[in-house]
Amino acid sequence: MRRDRGQYFILVTVFLDVFGGSIVIPVLPSLVGMLSSSVESKVQWIGVLAASYALMQFLFSPFLGILSDKYGRRPILLISTLILAITELLHAVASSVLLLLLCRILSGMTGATMSVANAYTADSTIPSQRSVAFGRIGAAAGVGFILGPMLGGILGGIDIRFPFYIAAILSFLNFIYGWFVLPRMKPVNPTATLSLTNVSPFHAIRDLVRISGDIAGLVYIIGLNVLAQVMLQSIWVAYTQFKFGWQPEANGMMLLFMGVFGFVISGFLMSKLQNYFGIKTLAMLGLISSAIAFLMYGLSDNGIELYFIATFTCLSAVSMPVLMGALSSKVHPDRQGTVMGTVASINSLAMIIAPLIATTTFSFVTDFSPSDWRVGMTFYMCFAIQIIVIIWAIRYFFGNKESMNI
C-alpha cells in the first residue's frame, strides 16, 4: 500500500513539473515586458528563457538519473520537489530578467526529474505492467500541460504573478506529502561513479547506444517518435491560424479535446488495450495511428475534420508508454535511473531541435494560399519521420530475436 501511495506522489510530481513549466506560457511575455527595456529586448529574452529551460533538461536528465541510482530515488525526488517550490516562489517575486533566467534554469533542472520518476516507476512495477504505469505518467504530464497554460491565463488575468504563487504552494504541499509517503529504499547502484564524463548527456547517449543493439533500436525509435510529435506541437497553433483562421479560443478547445482524449486512453484504458492486443501489436498500432494523423492533418480542408482525425487516430496516445515500458524491461535494475535519464535527455534534445525544423519549414509555405496542399509540408515531414519509425519498429519487434520476450 505504501508503494502505491508513493506512485501517487510520482504522478502528482510529474503533473506539477509540467504544470510549473507550462503555467508560464501565457504570462511570461507580459512579465518579461514589465522587466525589460524595449520590445526588441523583450523578444530576445523570451527566446533565451525558453531555450534555457529545455537546455537544462537536456543537460541534467542523465545527472539526476545517475544520482538516483547512487543515492536512491527518494532523496533526489524530494530535493527536486522542494527546489521546484522555491523556484516558483522566485518567479513570483522576480524583479529582473536575470532573476527570471535563474528561475527558468532551476525549473529546467528540476523538470529533469522525469527521468527519476520513470526509474521509480520501473522499480516499483513488474515488467508486464510498466507500459500501463508509464501511460499514467504520460496522462499526468498531459493534464499538467492542459491545466498549466489554462490556469496561467485565468490567474494571470487577476495578477500576472499570481500563477506562480499557486504553483509554489502546490509544489511545497507535494514535498510534504512525499516526505511521508515515499518509501525509503536502498540505492540500486551505490557504487555508481560520478564524473563530468559520466554525467555528460553526450557521453550518456553514446554509451547507451553502444551497450546493446537491442536497447539502441528502441532508443532510436523513441527519439524519432518524440521528434515528430514535438514538430506537430510546435507548429499546430500557427498552422490552424493560417489555414483555418482559428482564434485562440478555437485552438484552446481543440487542444483540450486532444488532451482529454489522450488522458483517458493512456491513463485509464492502457491496461485493457495491452491485455487485448499485446505490447508489440499495441506499439505498432500507436505508431501507425500517429503516421495517419500527421498525413491527414496536413491534407485536411476544414477545421472540423481535425476533431474526426484526432478521434480516428486516438491510439497514437499509447505509443510512448508502450515503448518506454519495453525499454525499461530491457534494462538492469541498477541502471534504470541512468538509462531513463539518458532517454529523457534525448527527448529534451528533440524538443530543442523540433521547433527549429517545424517553424523553418512552415515559414517557407506561408506565401501559398491557405487552401494549397503544400501548406501542410511540416506535417508531411512528420509523416515521413514516422514511416521511418514504423519500419524500424517492425524490424525491432518482429525481426529481432532479442525482442521476442517483450
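Glycine is treated like the rest: Cβ placed from N, Cα and C.
Copied from TrEMBL, the annotated features are:
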- 6-401: domain 'Major facilitator superfamily (MFS) profile' (DOMAIN)
- 7-31: transmembrane segment (TRANSMEM)
- 43-64: transmembrane segment (TRANSMEM)
- 76-93: transmembrane segment (TRANSMEM)
- 99-121: transmembrane segment (TRANSMEM)
- 133-156: transmembrane segment (TRANSMEM)
- 162-182: transmembrane segment (TRANSMEM)
- 215-239: transmembrane segment (TRANSMEM)
- 251-270: transmembrane segment (TRANSMEM)
- 282-300: transmembrane segment (TRANSMEM)
- 306-327: transmembrane segment (TRANSMEM)
- 339-365: transmembrane segment (TRANSMEM)
- 377-398: transmembrane segment (TRANSMEM)
Segment confidence, the domain 'Major facilitator superfamily (MFS) profile' (6-401), expressed as mean pLDDT: 85
Spatial neighbours of the transmembrane segment (162-182) far in sequence, C-beta under 8 Å, 6+ residues away: 2, 5-6, 8-9, 12-13, 16, 19-20, 23-24, 27, 73-74, 77-78, 81-82, 84-86, 88-89, 91-92, 151-152, 155-156
Contact set, same chain, for the transmembrane segment (306-327): CB under 8 Å, 6 or more residues outside the stretch: 118, 127, 130-135, 137-138, 215, 218-219, 221-222, 225-226, 240, 254, 257-258, 261-262, 265-266, 270, 273-274, 279, 282-283, 285-287, 289-290, 292-293, 296-297, 300, 339, 343, 403, 406
Among the ranges 7-31, 133-156, 215-239, 251-270, 339-365, the one whose Cβ pairs under 8 Å to the transmembrane segment (282-300) are most numerous: 215-239
Closest-packing stretch to the transmembrane segment (339-365), where packing means Cβ pairs under 8 Å, from 7-31, 43-64, 133-156, 215-239, 251-270: 215-239
